[in-house]
Amino acid sequence: MRQAVSIISSRLFQLIIIVLILSFATFILMKITPGDPVRALLKVDDVISTTEDKERVMEEYGFDKPILVQYVQWLWNVAQLDLGESIISKRPVLEIILDKLPATVALSVGGVIALFVIAVPLGVIGAVYEGKWPDYISRWFAILGASIPSFWLGLLLIYFFSLKWNLLPVMGKGTLAHFVLPSITLGIAMAPLYIKLLRERLVSTLQSTYIESAYARGLGRGRILLFHALRGSLIPLVTMFGLSIGSLLGGITVIEILFSWPGMGEMIVQAVMQRDYPLIQGYIMVVGVLVVMTNLIVDLLYLLIDPQIRHGREIS
Amino acid sequence: MKSKKSWVFSIFIVMLLIISGCSSGNEKEISKESTDKSVTMLFSFASKTMDPHQDWMGVRAGVAETLVRIDENLEIQPWLAEAWEKKDEKTWTFKIREGVTFHDGSPVDGEAVKASFERVLETNEAISSSLKIESMEADGQEITFVNTEEYPAFLSELVHTNTSIVKADAENMGEQPVATGPFKVTSFTSETEVNLERYEDYWDGVAKLDQVKIKFNSDGNVRALALQSGEADIAYHLPPESLEPIESNNKLRVESVPSLRVHFLLYNNANPALQDVDVRKALDLLVNRPVAVEEIMNGHATEAAGPFNPNFAFASETEPTSYDPEKAEELLKEAGYKKNADGKMERDGEVLTLKLATYPGRPELPLLAQYLQGEAASVGVNIEIVTIENIDSYLWEQQDEWDMVTYSNLTAPRGDGGYFLNVAYLPDGALNPGQINIPELNKLTQQLNTTADPEKRMELQKKAVNVIRKEVPHSFILHPHIIVGVNDRVKDWEPGSEEYYLITNKMDVK
């Protein structure tokens, strides 16, 4: 319990530091990269406007003030739990993000389920049949998964599962069926690292003395694999998951756009294109907090799944 | 061993369950479609909101309507307003059609229209500056607008979808706007889909369809696949390379109409070489329009002779410039260039080298740039291509960096050329990074801005187009087509050039 409290408090402290660094870095980056939101605001591609209008809008939104002043103003608002409003749609940023977040989280969960459904069997097969043909298949799959871009993989899956075999819907969200293709695409994109890691861990575990003694006690192979070897080998996968949650949320954007998934993907791409600063900044904050929180949960999970770690830490 | 088998078996069962769950879902959808009269349209640009004052989808989905609209011949026609009168230089009176009701059943009168305009002026920066309204007055079915200045383009600005008439005090405008169109929104998921059902008291005749679903997907290939799988009946903006399986399927058809957009080369007037009209003309002659249309656009484009879609009455009447490298070379020689020993065009010891910026946002533009580079090389002109992700800020913030750019614009989105003449050619126009400043053209545009008589406007715009043809501040290449894939069950519907009224009360299914 004491340990859990100390983990939580240190993570919360980390969170504040990360949010400060992250927000400052993105703020500066956004302002120094070319592009300005005024053209989008004035709809210059659509209605008549002049350079004079542009200056007026710059002033109105405070874009003419020094970057630091703009940042401090933003930070002050955030401190009062106000992420501002989108300059394009004029809706509160927090409301827009909270609207989209559940779908992204749901898809992430789908992707993680797909990831484990793909990675665990393949990793186990690779380890059990080390050096034999099933091992090669598993390794080839990992290489293939790592080298196929997700948008292309998604298109291929749509082509076969929706168009040729008419099994699954092309896109959208609604029934369980709508989850399958985007989740599998996400799962395959993330699986290679996990397959490799699990296989390596299992290979070394299967050679360890406690497994040998388990065999000596006359336990069946399947039982040893499932209840002894696999359980210990899953831990690094959980750690890895904590670390890769950030890249998961980044990679999910492509998949959301491809499958018209109502998550944050389309929102953030449009926000970047239109230089909707408050929305971009709000998105980065929310994702940053999510990543830190997930890592916190992973750390707490350790305490649950593996008491050895707890003992080890307490002794040290 | 046994437990391993059962483990594999349980995964297999889970997979089966998932797949069977899905296919039953699919069957339900298909059977529903066969009893209802409904159409699913797949569109490329995702809408964040259904608020007609913020997004085009309100009008596109047949939910909201404007006072005036452009018809299939691209001419401005009465719509919610059945007539109008220009009382003096700044005053317009519109008579609202009798019998039009909002989706909640309340009548549309002058007051309601006024409230709607008050709302848009308050919430939409761009529209508020483009409408130039000083005051409004409602009287029965009439509404009178007073402009801040003499503003003849006001009428065509009212074609803009964001000026559509909504019930201003309705709540939740972003998701369920209350307006006057043949359809009303039943549900909306931002950037994903909108579901519509017909409005039974629609003034122009109740819609033939019961329901319409519009989904958004920004990936052209997915749109094409969804059309083929039957998940969409109409798929907008298909990439030309995805058309073959659609064209060869006898249940599907492809519609291809010239858009109001033009792809063109914009010359930077800050470069002394490009200040010479002969050099610009020479480059114009190097643009091989038929090849661009056939090879780069797969035939889904129309050669451009000027900025405006050829169907407009004020568009250029001359033929598009023909590709003529010999004449181009002659013009360059007249401009003082000579071929040097390496076969390069040279003047005062300097080879004519131009930096051409392009951007990948419209994939055909980099191809057009490369093609032009090859043609220019054959007459000894060097073109260096740079690809810029965020083209607009590059053009404005680094005006001394580039000489030419492949660009693309809607030129007369509301049936009047005034918009493009103002933004692209006036020295302080928002789309004039090339610092074009042609006194004759400026004068014509300013004259146009104070001319209300439609015929005179037409004449002025034609004159302006002729000046543009003569001075070549831009080289117009082609009007890309809007390519739409349609399931044959959809009848009485075809896409229009203006892309405003996509869902209509007339469209039906077999």
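Note: Cβ is positioned from N, Cα and C throughout, glycine not excepted.
Summarising the annotation, TrEMBL assigns transmembrane segment to A:12-32 (among others). Panel annotation: around the transmembrane segment (A:12-32), residues 67, 70-71, 74-75, 78, 275, 277, 280-281, 284-285, 288-289, 292-293 of the same chain, lying at least six beyond its termini, place a Cβ under 8 Å from a Cβ of the stretch.
Annotation comment: TrEMBL describes A:101-302 as domain 'ABC transmembrane type-1'.
Under 8 Å from some Cβ of the transmembrane segment (A:105-129) lie the Cβ atoms of residues 135, 137-139, 141-142, 179, 182-184, 186-188, 190-191, 194-200, 202-203, 206, 225, 230, 234, 237, 241, 248-249, 252, 255-256, 261, 263, all in the same chain and six or more residues away from its ends. According to TrEMBL, the transmembrane segment annotation covers A:105-129 (among others).
Long-range Cβ contacts of the transmembrane segment (A:141-163) within its own chain (Cβ-Cβ under 8 Å, at least 6 residues beyond either end) map to 122, 169-171, 180-182, 184-186, 188-189, 191-193, 195-196, 251, 254-255, 258-259. Under the heading transmembrane segment, TrEMBL lists A:141-163 (among others).
Long-range Cβ contacts of the transmembrane segment (A:175-195) within its own chain (Cβ-Cβ under 8 Å, at least 6 residues beyond either end) map to 106-108, 110-119, 122-123, 126, 138-139, 141-143, 145-146, 148, 150, 153-154, 157-158, 161-162, 168-169, 237, 240, 244, 248, 251-252, 255-256, 258-259, 261. What TrEMBL lists as transmembrane segment is A:175-195 (among others).
With a threshold of 8 Å between CB atoms, the same-chain residues lying at least 6 positions outside the transmembrane segment (A:234-259) that come near it are 103-104, 107-108, 111-112, 116, 119-120, 150-151, 154-155, 170-172, 178, 181-182, 185-186, 189-190, 193-194, 197-198, 201, 265-266, 268-269, 287, 290-291, 294-295, 297-299, 301-302, 305-306. Here TrEMBL flags A:234-259 (among others) as transmembrane segment.
If you look at the transmembrane segment (A:279-305), the same-chain residues 6 or more away from its ends with a CB under 8 A from one of its CBs are 3-4, 7-8, 11, 14-15, 18-19, 22-23, 26-27, 30, 74, 78, 83-84, 86-88, 93-94, 96-97, 101, 235, 238-239, 241-243, 245-246, 249, 264, 267-268, 271-272. Residues annotated as transmembrane segment in TrEMBL: A:279-305 (among others).
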